[in-house]
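Below is one structure, written out as structure tokens; the observations come after it.
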Amino acid sequence: MTAIDGDLPELDPVIHAQARLRVVAALSQLDGGDRIAFPRLQEILRMTAGNLSVHLRKLEEAGYVEVTKTHRGRTPATLVHLTNRGRFAFEEYVNALRTLIQPGEETS
Amino acid sequence: MTSKDDESIFGDPGDALRLIERERGNTMRHVTPDPRLMYWPWGLTWLISFGLSFLRFGPDGRTLVAMPAWVPMTALTALLIAAGIFTGIVGARSSRDIAGRSSRQGLMYGISWSAGFTSLAVIFGRVSDSMPEPLLGLLWGGGMVALVGVLYMAGSAIWVERDMFVLGAWISVVNVIGVLWGPGWHALVLAVAGGGGLLVAGLVGWLRRR
């Protein structure tokens, strides 16, 4: 693929924001069939609950993450999961970044 | 409550890539156990208990260091239980609050270990009475370690971890060499090459993820 100037890829605005990129990058490291509890994700990302909620909602609106409320015994639990669509969008985003750094080079 | 910084975009795509790498590495270190904590307890167990076995029940029936006959086997049992509990806790801590496929895989893999060891213990226990003493150590040690080697190789297929496959293959090979070499030598091979292999695996795994 040879990209010429002006033909550079668009960066997905949902992912292309520091906090949401961190969320998606972290979730992408988990197995596709896994769901992580909200407080654990918060601990890994070192974000406040309010902040993480805001960004998760934006990612959820875009269909990139799925947030499910469930119960563990009597305590309610919120589980977060990167959807196939979110995983694909993240891969596209990473490919776009690589193309921006080295336009015209094949990216793997 | 979104601060301006959170919505900030990157001037340089390289910054974004570096942030991704950092975050993925950080997450990986959170959700997978430290390889040192998972391998070193087993490595020390093999080094110490098979080492004691070699010193007490050396080649050609010699006793290299005098000690009661029950010491090596008791040390092995106690250390195996301690290592099992320790690595179980470390593994469970890293996968806590994550539900889904990986925890089912881990559970099934854990049950495979228990099933394999229980089966072999029953079989070996059943035939032990009619076996000559020197061959008993080969049967128990060789059989159990063969299972360990195969389970590591199978585990590598589940988690697609090449290093784990190399470890399993290494253990399988040195075990067979030790068995062919004979009683006494087998224990020495397991202590040095087997225990050493586990210690190296923990070190290599740790260096790779730093």
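Going from the start of the chain as shown, residues are counted 1 onward.
Just so it is clear, glycine is given a Cβ too, placed from its N, Cα and C backbone atoms.
Feature annotations, courtesy of TrEMBL:
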{"type": "TRANSMEM", "residues": "B:37-57", "note": "transmembrane segment"}
{"type": "TRANSMEM", "residues": "B:69-94", "note": "transmembrane segment"}
{"type": "TRANSMEM", "residues": "B:106-128", "note": "transmembrane segment"}
{"type": "TRANSMEM", "residues": "B:134-152", "note": "transmembrane segment"}
{"type": "TRANSMEM", "residues": "B:164-181", "note": "transmembrane segment"}
{"type": "TRANSMEM", "residues": "B:187-207", "note": "transmembrane segment"}
Within-chain partners of the transmembrane segment (B:106-128) [C-beta distance under 8 Å, separation at least 6 from its ends]: 91, 95, 136, 139-140, 143-144, 147, 151, 154-155, 158
Range from B:37-57, B:69-94, B:134-152 with most C-beta pairs under 8 A to the transmembrane segment (B:187-207): B:37-57
Positions on the same chain near the transmembrane segment (B:37-57), where near means CB under 8 A and six or more residues out: 63-65, 67, 69, 71-73, 75-76, 79-80, 82-83, 86-87, 90-91, 134, 137, 141, 183-184, 187-188, 190-192, 194-199, 201-202, 205
Same-chain residues at least 6 beyond the ends of the transmembrane segment (B:69-94) whose Cβ lies under 8 Å from its Cβ atoms: 30-34, 37-38, 41-42, 44-45, 48-50, 52-53, 56-57, 106
